[in-house]
Amino acid sequence: MTTSSTKKGRIWGRTNCNFDSLGHSQCQTGDCNGLLECQTFSNTPPNTLAENALNQYNNNDFFDLSLVEGFNVPMEFSPVFADECSTRIRCTADIIGQCPNELRTPGGCNNPCTIFKTDEYCCTSGNCGPTNYSRFFKDRCSTSFSYPADDLSSLFTCPSGTTYRVVFCP
């Protein structure tokens, strides 16, 4: 992906989708409210997210992989050319196979907020820390966001203008 303007985006994979002739869908994970083309940044968890904010502060791009909405497919987010920036982040662990029973769902591993709907897991107050569930995700994908306030170890930068690649199931 390349862009010359300030952009923010989220990329995710959808699994086991069925589309009708009108483009309406039903996906096991990552569904976009029944639409072929997603209209918003929201989707149906669980899903592994590649997030980016391009051409931002001090001419930097910010990017991350996030498991805050759960996990459905392994991903890698990296610059295409190492001379632009060498930061490569990936999450390829067997999270679905090791998912705690209470977070299991067909095709993925839910985030605890989806299941329990409490501030401890949803961080609605903005003041939250890691939990046993976020540690489960972090232990398997150390460079990915595992809860909303996980910035220090999970947000990466490259110079603006860097060209990126997002790979599903690397």
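Glycine residues also receive a Cβ, built from the backbone N, Cα and C atoms like all the rest.
Those TrEMBL annotations? Automatic predictions, nothing curated.
Since this is a predicted model, take the numbers as computed values, not measurements.
Taken from TrEMBL as is:
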type	residues	note
DISULFID	Cys17-Cys27	disulfide bond
DISULFID	Cys32-Cys38	disulfide bond
DISULFID	Cys91-Cys141	disulfide bond
DISULFID	Cys99-Cys109	disulfide bond
DISULFID	Cys113-Cys122	disulfide bond
DISULFID	Cys123-Cys128	disulfide bond
By Cα geometry, the one of the disulfide-bonded residues (Cys109, Cys122, Cys123, Cys128) nearest Cys91 (disulfide bond) is Cys109
Checking the disulfide-bonded residues Cys27, Cys91, Cys109, Cys128, Cys141 for other Cβ atoms within 10 Å of each Cβ, the smallest tally belongs to Cys128
Please report the DSSP secondary structure of Cys123 (disulfide bond), reduced to three states. coil
Which ones in the same chain are close to Cys122 (disulfide bond), with CB under 8 Å and 6+ residues apart in sequence? Cys113
Distance check, please: Cα of Cys123 (disulfide bond) against Cα of Cys17 (disulfide bond), rounded to an integer number of angstrom. 30
Rounded Cα distance, in Å, between Cys99 (disulfide bond) and Cys141 (disulfide bond) is 13
Around the Cβ of Cys113 (disulfide bond), other Cβ atoms found within 10 Å total 21
Residues that sit under 8 angstroms from Cys17 (disulfide bond) by C-beta distance, when 6+ apart in the chain: Ser25, Gln26, Cys27, Gln28, Asp31
Whole-number Å distance separating the Cα atoms of Cys38 (disulfide bond) and Cys141 (disulfide bond) is 27
